[in-house]
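Visitor: From Swiss-Prot, for reference:
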DOMAIN    1-171  domain 'CMP/dCMP-type deaminase'
BINDING   Cys19, Cys49, His94, Glu102  Zn(2+) 1 binding site
BINDING   His104, Cys132, Cys135  Zn(2+) 2 binding site
ACT_SITE  Glu106  active site, proton donor
BINDING   Tyr153  substrate binding site
Amino acid sequence: MKASTVLQIAYLVSQESKCCSWKVGAVIEKNGRIISTGYNGSPAGGVNCCDYAAEQGWLLNKPKHAIIQGHKPECVSFGSTDRFVLAKEHRSAHSEWSSKNEIHAELNAILFAARNGSSIEGATMYVTLSPCPDCAKAIAQSGIKKLVYCETYDKNKPGWDDILRNAGIEVFNVPKKNLNKLNWENINEFCGE
């Protein structure tokens, strides 16, 4: 499969995330076949991010007309036409909660492959957002030999890519403008203000 196709599949996988901030998807491909996918979220049985954020009052109702005025796309829909986004002033509180309660897409994809007995030695990982340093270390240890990502995480510390390159992993960026099979109006990524 072409890198642009698999990366767009990663964006579709990201839509399963219940995170009210970033929806991230990862796909592990080997020999032209998808062997694992993952998205960011709470471990099975845990409280979903969007539910916790709603309980804490971190979400703002942004009707559809507000999106046209420059706000980010919908994040959470509670069975109505209302749309909710993470309020900017709660982003740091969300990050603290997320770091304790959510697993990143990259790690979920690696864990699901292991759980299913699929070798990822020599595989390629496609991810919608650049990995954090901890995920970069997990990728470096996993046997993956190539990482393809689309967007750069705005809070990422420099050096995540050095972790991968120092482990002999090729790192490639595919700009979003090269991904033309999806209707981007229907894909939610960052759900904050």
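Residue numbering: from 1, along the chain as shown.
Note that Cβ sites are derived from N, Cα and C of the backbone, with glycine treated the same way.
Mind mapping these onto the model and telling me what they sit next to?
Guide: A coil conformation is recorded for Glu102 (Zn(2+) 1 binding site) in the three-state DSSP classification, outside any helix or strand. The C-beta environment of Glu102 (Zn(2+) 1 binding site), restricted to residues of the same chain at least 6 apart in sequence and closer than 8 Å, consists of Cys19, Asn40, Gly41, Ser42, Cys49.
Taking all protein chains in view, 28 other C-beta atoms sit within 10 angstroms of the C-beta of Cys135 (Zn(2+) 2 binding site).
Here Glu106 (active site, proton donor) comes close to Ala26, Gly38, Met125, Val127, Pro131, Cys135, Ala138, Ile139: these same-chain residues lie at least six apart in sequence, with C-beta atoms under 8 angstroms from its C-beta.
In sequence order, Trp22, Leu129, Ser130, Cys132 are the residues near Tyr153 (substrate binding site), counting only same-chain partners six or more apart with C-beta under 8 A.
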Visitor: Measuring Cα to Cα, how many angstrom lie between His104 (Zn(2+) 2 binding site) and His94 (Zn(2+) 1 binding site)?
Guide: 14
Visitor: Tally every other Cβ atom lying within 10 Å of the Cβ atom of Cys132 (Zn(2+) 2 binding site).
Guide: 18
Visitor: Would you list the other residues of this chain near Zn(2+) 2 - those whose C-beta lies within 8 angstroms of the C-beta centroid of His104, Cys132, Cys135 - in sequence order?
Guide: Ala105, Glu106, Leu107, Pro131, Pro133, Asp134, Ala136, Ala138
